[in-house]
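Participant: Pasting the relevant annotations from TrEMBL:
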type	residues	note
DOMAIN	1-179	domain 'Anoctamin dimerisation'
DOMAIN	182-733	domain 'Anoctamin transmembrane'
TRANSMEM	190-223	transmembrane segment
TRANSMEM	269-288	transmembrane segment
TRANSMEM	344-368	transmembrane segment
TRANSMEM	380-412	transmembrane segment
TRANSMEM	433-455	transmembrane segment
TRANSMEM	558-581	transmembrane segment
TRANSMEM	609-633	transmembrane segment
TRANSMEM	653-673	transmembrane segment
TRANSMEM	694-719	transmembrane segment
Amino acid sequence: VHYLLLSAPWSVLCYYAEELQLRVPLEALPRQTSNWSASVLRRLGIPSLMAQEVPNLPLDYYTCPFKANKLRWFLGSDEQDTFFSSTQRHQILYEILATTQYGHSKEWEVGVDRLLSENVFTAAFPLHEARPPSPTLCLSLQGPYKLRLEELAAGSLSQRQVLFQYWASWGKWRKYQPLDHVRKYFGEKVAFYFTWLGFYMGWLLPAVVVGTVVFIAGIFLMFNDIPSQEICRSKEQYWMCPLCKTCTYWQLSKICSTFMAGRLFDHGGTIFFSIFMSLWAVLFLEFWKQTNASLAHHWDCSEFEDIEERPRPQFTAMAPMTAINPITGAEEPYFPKCSRLHRILAGSMVIIMMIAVVVMFAVSVILYRAVVAILFSSLGYFWFAASASCIASVTGSVVNLIFILILSKIYISLAHFLTKWEMHRTQTKYEDAFTFKVFVFQFVTFYSSPVYITFFKGKFVGYPGNYQSFLGIRNEEASGCFIELVQELLVIMVGKQIINNVQEVAIPKLKCWWHKHKLLSSKKVVKEGESVLVEQPPWVMDHQLLVFEGLFDEYLEMVLQFSFITIFVAACPLAPLFALLNNWVEICLDAQKLVCDYRRPVAERAQGIGIWFSILEAITHLAVISNAFLIAFTSDFLPRMYYQYIHDSSLHGYVNFTLAYALWDFVLQSNATCRYRAFRDQDGNLTLTYWQLLAIRLGFIIMFEHVVFFIGHVIAWLVPDIPESVEVKVKREQYLAKEALVENKVGCGSS
């Protein structure tokens, strides 16, 4: 393997820094506390267990876009080796490599990415920062990020070593993240992800506390629930109708344990927790807006997407024409909007076809459940007959999870191709388009089964003597409680999280080991009959690491998790707890991968978390509607309230109230009577109770949505998107920057 170590002379750095509008320091600012909880605890005189002293803390500056003819007015301009940060040097070199033509065809033979895809080069990457020079220590094969603190003074740590010791170590799981260090080393895009993830974890704490209390309340209610006691003590009182033509009658008392388990999640606390989580999601997003605005100002990227973001190098290389940018007035590559729209529409048709494939798989899982339920019900054993629906639901969930993982891999590759073909101008627009495609697909894939169980399963069964079928198979029965939905959510949410975490631990380690094994085997030399390993330079060690492929998978995993704990939170109050435990592991794994297992990525600027915020807002609104329908049509809460108000406040006789008698024709044919869950008379007609409950359910949905949306809008109105202190600070810093450079007339901003 041959290595080319590239660097740029001072004149080239200055030219491209002005071309890329890189911001450089103008004046140093006093350091301010970034964690509001730390400042509150300090004022109260309470020591913070999460605080830590991190060395080499980056300074704050007033900054301006670089101007070569105003060089002497910038801070540190006399130190050419350190004036531009390492991340800025990486950005300049990547811009040169990505836009340089290497062949005769301007349309295709441009940029290092094309050369990488054609295997002309095997890799192109910035170097991780090596250990600072020391007369007592040398680089070891363990990697330059590892060290023994007793041998190396804290002040001489490299940025990578600081991140490893104070961020990527498992012992730092309860400490504040050194986000300014992350931003300085990896760029704003990576820093915003970890900031959002930490912010999300902090906001999960109140949801975990309330959800755990609701779950514990469900335990007490489960043992004191009158309908549960009636079912468990009924013995042979309630004989239920067969679940299929060849199935036998079965006793309702056989589902005692399943019904009691459902009471853990289906009780009055569900209503409170649903409202709480709906308002929690609104508050979470409103306060994230404030945090995002503060950090965008602090990191000097609040105007990046609107003014400063340049066209993607790949777009620059493949655009068929040029046009004047209406904002900057500069001529730049251009792709006609009409042509892009046609490509987007064509890609949308492909997406719809893939979603149709997902629906076909979902239907196949539904048919699988129905067949398994019939097979187990026809075995003749009471336990199998009573548990047939649960067995079919659990195994169907596992099959569905396997389908999800397989289809996801296929579709992500297709989405990459379609998004490149659409020719989006900037990296932000490219990533937003790709994110939207994949999320829509993943959303349909993940939620098709839970939505079916919640809103459709058991709603179109029919009744004894007139059962409805689909493709010749009788429609599935519903268990009448949340337990099936809980099983589905736990299998998909917890199962996917476990699989993802195992993959994130095992796969990078195995890939690194195999890559190092192949490279190191070629570095051994024979000396006096023995195999000796040659000491390796930093670029060889970095080449042994894995390629950083972006944060899309991490964002997607967290946003899908956010969907689970908001859209179906009424069915599983412990979902926030599982999410918090997973995220503690996730943040450590992601940090370790970036610092230890991946090559250093080219630092990218960003103004926030991009289109993910809009997706989170859509999920928050959908969660309110979903929980309203979930409580109204899947939960027993409203029927119980109706029975308590109309018949008996103690719920004695509620089980008999929810069961109908088989039709006269069915009884005459089978010469036996049985019960089934419905509000029908023995002629098969819906009773007045059914219509009264339907009106109550629809009224509850309207009232629930209006109350929650109203409170959410009030909260959004009371909480400003940009904190007043930040607005004042921006105006003050802009005034001071203008005063400082009034005679130079350099347009400046601040950080």
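Glycine is no exception: its Cβ is also placed from the backbone N, Cα and C atoms.
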Participant: Other than its close neighbours in sequence, what residues sit by the transmembrane segment (558-581), given a CB gap under 8 Å and a spacing of at least six beyond its ends?
Facilitator: 197, 200-201, 204-205, 207-208, 210-212, 214-215, 218, 265, 269-271, 273-274, 277-278, 281, 439, 442-443, 446-447, 450, 454, 482, 485-486, 489-490, 492-494, 496-497, 612, 615-616, 619-620, 622-623, 626-627, 630-631, 634-635
Participant: Can you say which of 190-223, 269-288, 433-455, 609-633, 694-719 has the most Cβ pairs under 8 Å with the transmembrane segment (344-368)?
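Facilitator: Answer is 433-455, with the largest number of Cβ pairs below 8 Å.
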Participant: For the transmembrane segment (269-288), could you work out the same-chain residues 6 or more beyond its ends whose Cβ comes under 8 Å from its Cβ atoms?
Facilitator: 196, 199-200, 203, 206-207, 210-211, 213-214, 217-218, 565-566, 569-570, 573, 576, 613, 616-617, 619-620, 623-624, 627-628, 630-631, 635, 637, 704, 707-708, 711-712, 715-716, 719, 721
Participant: Near the transmembrane segment (694-719), which residues from the same chain, at least 6 beyond its ends, have a CB less than 8 A from one of its CBs?
Facilitator: 274-275, 278-279, 282-283, 286-287, 289-290, 620-621, 624-625, 627-629, 631-633, 638, 642
Participant: Mind looking up the mean pLDDT for the domain 'Anoctamin dimerisation' (1-179) in the predicted model?
Facilitator: 76
Participant: Can you work out which residues elsewhere in the same chain, 6+ from the ends of the transmembrane segment (190-223), have a Cβ less than 8 Å from its Cβ atoms?
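Facilitator: Residues packing against the transmembrane segment (190-223) from afar: 37, 176-177, 179, 182-183, 260-261, 263-265, 267, 269-270, 272-273, 276-277, 280, 283-284, 287-288, 291-292, 295, 299, 551, 554-555, 558, 562, 565, 569, 573-577, 579-580, 583-584, 586-587, 590-591, 594, 601, 603-604, 606, 608-609.
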